[in-house]
Every structure is written in structure tokens, then in C-alpha cells.
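Novice: Here it is: the structure, laid out below.
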Amino acid sequence: MKNFKGTFTALVTPFKNGKIDFASLDKLLKQQLAGGVDGFVVNGTTGESPVLTSSEKAELFKHIRNVCGDKVVLIMGTGSNNTAQTIEDSRKAEEMGADAILVVVPYYNKPPQRGLYEHFKAVASSVKIPTILYNVPGRTITSLETGTIRDLAKVKGVVGIKEATGKIDLASEIIKACGSEFVMLSGDDGTYVEFLGVGGHGVISVASHVIPAQMVQWKKWVSEGALDKARADIAKYNDLINLLFVEANPIPVKKALQLMGILESAELRLPLVELGAENTAKLQAEMKKVGVL
């Protein structure tokens, strides 16, 4: 099994004139590999998965695998609020060569904890590759409770969770309930260093598009016992991280990547639209302040 304890970028999907912009994607992948990230999540929230067709998802994954080879871990987002569809997409991800699947809590349906357990158990049982749970109640409304996560950690194939509430007490509670072998990945960039401080293993990040080397370094410092050093360094980037979420992700990060000259366009697909002028000015000023422009 691949190592899922590391720094993973939740990749944007670059667009140009309504199509996937593979030239910009290649520039982004080159920058990310140079920054030392351990892998990528493809077809996640940041990748605008709801507006990609099945063929686009497959084309995107295959292109990234061809460019990166086995140098990085590739995790495919396959979650939906339809268990049968999630199973179908998870099997496709396995066939394409994904190292793991990332499965979000079903949204809109508002299932009870019993339903969540059965959903994730059914998905994990349908494939041989590892399953990573994804808890993000800010988008799904429904949240996985610690007891449910503990029970799912015992299901064959369920290896970890992307915990995106930003609640450090909750992260600590899950770690105690599930043990150190259960992979804990932060889904909240602003609290990442504190997450590592209570025993977290890594991150699935948006900010790593812009500051990949720094995100990698923070984990290294914490693993070496230099938590305060990591805390002091992330403090320099707090305003930047906040601005990367000033509008719905991935709106700001696409603009940031365009400003950096990595993406040709900050184009998104409706219903998302490009970052407003006022917030663009704030983002650009902060990027210059911290030295990424």
C-alpha cells in the first residue's frame, strides 16, 4: 500500500474556452513536483468535480498519471450522494490505476449515522484499493461522528480520513478513537500546523497550489519536534490562506495561479464564476507581500 501520510494537493482543473487546459495543467504539475508534494487528489471539490463529465474525469486522471508516473500518490475523488454511483465511479478509479479513493460524506440526502456507515462500508467493499473518508460538513451539512469513524476504521480497506472541520479538538478525539495507524489528513489549511501538533499525518490542501514547499516544510519541522518553528512560519501566511477562501474554493486559488503565470486562465464552469475585482486586488497584494509574486 502507498503511503498516505504526507502533503497532497487537491488539484484544480484548468479550463480554457470551456475545455480542460492541459498545457496549464502540465505547468502546474511541474511546479508541484518541484515543491516536493507527495501526491494529488484528482476530481475533488477543488477540481470542480460536479461539472466534469465522466470522460473528462478519466482523461484528466490518465494525463496526470502519464506526466507524473509513479513518483507521486494519486487519489481519485469518487464520492456522491448516490451509493450505487459512488461504487461505479470507485471501480472506474481502480481500473484507471488510482492509488486510493477519496469519498465525501453524502450531501443533500442527510443520512443518519447508520446510513453513513453502510454507505462507506459498501463503497470500501466494492474495491481493492484503499478508501479515505472525507468529512466536510460545511459543504455536506451531515457530519461523520467520532463513533462512526471509529467503526469505519475497522472496515477492511478504510485507511483514513480527510477531516475538514478545522476543529482541532475533534481531530484529537478521532486520533484517540482510531489509533495512530488510521491516517489523519487535514482538510483545513489554516489549522494545519495545529492539526499536525495533535498527531495528524498530513494534509489535502488548496494552499499548496501556491506555497507547496512551505506546506511540505511545516510537516517536516513538526515531525522533527519543531512545532513552534512551524507555528511561527505559518503565521506569515495566515492572511494569504484566508484570502484563498474569501470566495468559494476553487475561485480564489485559480486566480492566484493565473497571477503566478501557471494557469493561462482563471476560468471556472458555472455556477462558479471568477474572483471579483476587489478580492483579486487583495489577493494580489498579499501574494506580493509574502513573496509568491
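For all residues, glycine too, the Cβ spot is worked out from N, Cα and C.
Quick caveat, the model's predicted, so the values are computed rather than measured.
These came from Swiss-Prot, pasted as-is:
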| type | residues | note |
| --- | --- | --- |
| ACT_SITE | Tyr134 | active site, proton donor/acceptor |
| ACT_SITE | Lys162 | active site, schiff-base intermediate with substrate |
| BINDING | Thr46, Ile204 | pyruvate binding site |
| SITE | Thr45 | site 'Part of a proton relay during catalysis' |
| SITE | Tyr108 | site 'Part of a proton relay during catalysis' |
Novice: Quick one: of the recorded positions Thr46, Tyr134, Lys162, Ile204, which has its CA closest to the CA of Tyr108 (site 'Part of a proton relay during catalysis')?
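Specialist: It is Tyr134, whose Cα lies nearest.
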Novice: Let me know the most crowded of the recorded positions, choosing from Tyr108, Tyr134 and counting other Cβ atoms within 10 Å.
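Specialist: Per the Cβ count within 10 Å, the most buried is Tyr134.
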Novice: Who sits close to Ile204 (pyruvate binding site): which same-chain residues at least 6 apart have their Cβ under 8 Å from its Cβ?
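Specialist: When sequence neighbours closer than 6 are ignored, Ile204 (pyruvate binding site) has Phe8, Thr9, Ala10, Val41, Gly44, Ile75, Leu102, Lys162, Leu185, Ser186, Gly187 within Cβ distance under 8 Å.
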Novice: If you draw a 10 Å sphere around the Cβ of Thr46 (pyruvate binding site), how many other Cβ atoms fall inside it, taking every protein chain shown into account?
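Specialist: Total other Cβ atoms inside 10 Å, all chains included: 22.
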Novice: Between Thr45 (site 'Part of a proton relay during catalysis') and Tyr134 (active site, proton donor/acceptor), what is the CA-CA distance rounded to a whole number of Å?
Specialist: 11
Novice: What is the interatomic distance between the Cα atoms of Thr46 (pyruvate binding site) and Tyr134 (active site, proton donor/acceptor), given in whole Å?
Specialist: 13
Novice: Let me spell it out: for each of the recorded positions (Thr45, Lys162), count the other Cβ atoms within 10 Å of that residue's Cβ, using every protein chain shown. Which one has the most?
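Specialist: When each Cβ's neighbours within 10 Å are tallied, Lys162 leads.
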